[in-house]
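As written in TrEMBL, here are the features:
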TRANSMEM  A:12-31  transmembrane segment
TRANSMEM  A:38-58  transmembrane segment
TRANSMEM  A:64-86  transmembrane segment
TRANSMEM  A:93-111  transmembrane segment
TRANSMEM  A:149-166  transmembrane segment
TRANSMEM  A:200-219  transmembrane segment
TRANSMEM  A:231-255  transmembrane segment
TRANSMEM  A:275-299  transmembrane segment
Amino acid sequence: MNGFLNSLELFLQVSAQMGTHVLFATLGAIMGEKVGHLNLGVEGMMLMGASFGFSVAYQTGNPLLAVLAAALAGGVGALIYAFITVTLRGNQVVTGLVLTIFGTGVSGMIGKSISGLALPDSITAAFAAKAIPVLSDIPVIGKMLFDQSIYVQMALVTAVIVYVYLNKTSIGLNTRMVGENPAAADASGIGVTLYKYSNIVAGGCLCGIGGAFLSLVYVPSWQDGITAGAGWIAVALVIFATWNPIRAIAGAYLFGALRGVGFKLQGGIPFLGGVVISSQLLDMLPYLVTILVLVFIGLRKKKENQPPKNLGNPYFREER
Amino acid sequence: MKKRWIASLLAAAMVLVLTACGGTGTQATPTPTAAPTEEPTQAAGIPKEDLKVGFIYIGEINDQGYTQAHDQGRLALEAMGIQCMYVEDVPENADSEKAMNDLIDQGCNVIYATSFGFMEYTVEVAKEHPDVYFGHCSGYMRSDNLSTYFGKIYQARYLAGIVAGMKTQNGKIGYVAAYAIPEVIRGINAFTLGVQSVNPDATVEVVWTNTWYDPAVEKQAAIELLNKGCDVMAQHQDSTATQIAAQEKGAFAVGYNTSTPDAAPNAYLTAPLFHWEKFYVDDVQKIIDGTWTSRAYWEGLSAGMVSLDDLTANCAEGTADAVAAAQAKIESGELEPFTGPLYDQDGNVKVAEGTTMTDDEIWNMSWFVKGVIGTIPE
């Protein structure tokens, strides 16, 4: 039993790591969608964050600057998106897609100069997993939460902050109102454009930070397309989490866990008499589950789980 | 209406920037001489100055792995004064055909396709360009102007197995492997036989990643094995992720392809290495001399095509002597790793005592030897 508990703890620990970049990105996407803007550029912003973050980390050796650079890169990407979709009222889907292609290209260009390089020790040391005494000995969840890189823990803290911000503050209330009914928000004196810009850009910063988790902490090195589609998973996880930052934690960690389950089941499924499933099929697990969850949520139609009412619609003041 | 215009302009600008920087265009090395003369006749050979060698790579030349190892070959050719060109990040699909045709259009009269997945496309392009010399790495399809080449890396893996077998404390060794194809299976078996030659009870547990190069996935696979208690890791992957994972968990690791002691200095033991330049220089020299014929080049330790990297201080005591002894025997032909008795995972005799597997059997190996934990997907 002890062996099982131990391996469960280690499994949860890895799952949290594999879910961290997705969690940051999901939170970023939630912030954008809460003001009514569906941003399909998550993948692009993550890649920009990953490449700029790595580049600055390599040149300065300063972990804080690296994270700031990653946030800035993601934020700039989001700013372009916000300008086109908020101010110019361009099509959100097309703009988001272009932002992803754009981000992939930019990161590829930055990546030329940093691929194959190793990070300075100051960075790896700052982001290394550190066990917090006592707390990390808590059964089951101790290792997952308290024997981790500070980056993993910051993702959790960020999720709580975003939750509190959206649901417990008056600014958050205004933010949600902008996404639900911008005309009413405008009438009550809320600066719709300002709210949209600031939330979209802040969300972009989170996406950039999420991407940098891979290049700075988890891998840690640069490779082309390092996010490998995590940005798209994040877009889907927003729906999975029903726009709730706390549920996003569960979604992101589940995604990380499914990746790990695939490796575990290669030798055969223990409870089904060791039936062997091809590893290609196992690699599909997280994506299959994502589709299933999307279907399930679509069928359930609970009122509090619905998207912001004006998600995807540009706001024309004149048409009020 | 004006705003719409600005929006579309902005979008167009983004696409433009993308195309400007996203493409992995061909990168020519400076070309001091005029374009090479066409129509090489195979009998007479081609003067060195008229040669232009093109490489298509699956990865990037500074990936600290597979492609970097091949690129050493290009550098060796350039050191001989031969013009070279290369294309990076070529996917294993019809794009590779385009990449090869591009190189030929730019005057290349020798093409090396450095990854298995380029095989069918290389065959096609070779058929269209009978005057160009082709080499395809790790494949089995040849034609009049298309050779295949590979190294007997399994010999170096056997030696790496000795290093790992002497290092492990608990007899549990992990192996992060890409695809369940004969090349990888052969390597796992040779490694395991090397381990067992010094540590008969040790096991080698395999996890498949289904990718040659994806640091994040490779690392997660390595962590899975390390969490199961493996204290020495080996890899058939193109990145250093396995070694980094081993270092983070206080374990040790054998690398692959190129020497990477700096990626995980506390974990790195050694690595089986390719020396592709041996083949490239030999092959190009044959073209210059006019003695080139289509062949299946498959050489190992004795030809210097593969080797084991220098052992680091992380290795167990006495490892160097054990490795040197085995290497001498392999080079002299006294020791062939795939000599019976060999057993499969269930303990059945697969190769009887005294018999050695033929090159063909070794090349097509599709079963695990005893001591390997893991399954080969159908």
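Note that Cβ sites are derived from N, Cα and C of the backbone, with glycine treated the same way.
Heads up, TrEMBL stuff is auto-annotated, nobody curated it.
The shown structure was predicted, so the numbers you read here are calculated from the model rather than taken from an experiment.
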Region pair the transmembrane segment (A:93-111) / the transmembrane segment (A:200-219), three or more CB pairs under 8 Å:
no
Region pair the transmembrane segment (A:149-166) / the transmembrane segment (A:231-255), three or more CB pairs under 8 Å:
yes
Report the listed stretch (A:12-31, A:38-58, A:200-219, A:231-255, A:275-299) having the maximum count of Cβ pairs within less than 8 Å of the transmembrane segment (A:64-86).
A:200-219
At a threshold of under 8 Å on Cβ distances, which of A:38-58, A:200-219, A:231-255, A:275-299 pairs most often with the transmembrane segment (A:12-31)?
A:231-255
Counting Cβ pairs closer than 8 Å, which of A:38-58, A:231-255, A:275-299 has the most of them with the transmembrane segment (A:200-219)?
A:38-58
Should anything in the same chain at least six residues away from the transmembrane segment (A:231-255) have a Cβ under 8 Å from its Cβ atoms, list it; otherwise answer none.
12, 15-16, 18-20, 22-23, 25-30, 33-34, 40-47, 100, 155-156, 159-160, 162-163, 166, 207, 210, 286-287, 289-290, 293-294, 297, 304-305, 307-308
